[in-house]
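One structure is given below, encoded as structure tokens.
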């Protein structure tokens, strides 16, 4: 899929912008504060239902305005039944209002399911060296987009987990807890299996990507922590064993909501010794593997949104990454404060835009 038109009204530093990105590589160059990141933030907001930089009160609405509006037109690129779509997202007062193909949407998940955006921004490197919640969210995003029933499964597990935690806090009858344990284990085993299978698919894609971009790291796979000792006992038994402890703490201490995964290398002891540049490359390759899996399952590429791509990467790695991006038929949005040397060979296969004072001008 690729965006054919993006309209911003009263969003961050933009007053009114009507912009037409091209298929393929789109480079956005401008000084800090010019609006480059805000442009990608708007695309991210449409694809995720939230900003990666903060909430409305943190400055999403342009100073002096009372509301904001974002409209996106995009074209599906799958070979079969490809369609055009138009979506809008507005914020008035305390309320978000969304529309998709002329219909008001009740849940933003409907919009997120239609427009697939993979974003790489300044905090994305935390995917591999921060808390496990980010890594679970990474897997769940991919499953949400390629398995139609995954959202229902995830919501069911979240609901049952909430009910069990409520019973633990209230010290309810044992029979009630056993019933919820049974349901939690049934749904939790399914959720865990889906995540594990998805991570196995990603492994097959990540290894060749990293070997091509930074071969000295020698990644050989991922370690998946199920959230309990699954190789020793099923979840229902683990819940039974942990029941006394869970009563004491007032929450469920194990299960898929405690799962995690980490890259495994043969050349280094772990992610903790990676430089920021290496961490950025590993994270970016994980995201590109996810995009590739999306294509394999759906027949089209998601939109790739890469903020400040060149920072902390030397010219050699810039070139390798961009060479890879130029080979795939995805729409890629890339920002930077200047034109890095590694980008210049790829101008012939992309478009260059200058962002300044909330205006976007095509350079070539």
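Each residue, glycine too, has its Cβ placed from N, Cα and C.
Around residue 36 (ATP binding site), a 10 Å sphere centred on its CB holds 25 further CB atoms from the protein chains shown. Residue 36 (ATP binding site) carries a helical DSSP state (H, G or I). Swiss-Prot lists 30, 31, 32, 33, 34, 35, 36, 37 with the feature ATP binding site.
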In three-state DSSP terms, the structure that residue 30 (ATP binding site) belongs to: coil
Cβ neighbour count (within 10 Å, all chains shown) around residue 35 (ATP binding site): 25
Shell of the ATP site beyond 30, 31, 32, 33, 34, 35, 36, 37, same chain only (C-beta within 8 angstroms of their C-beta centre): 38, 335, 337, 355, 356
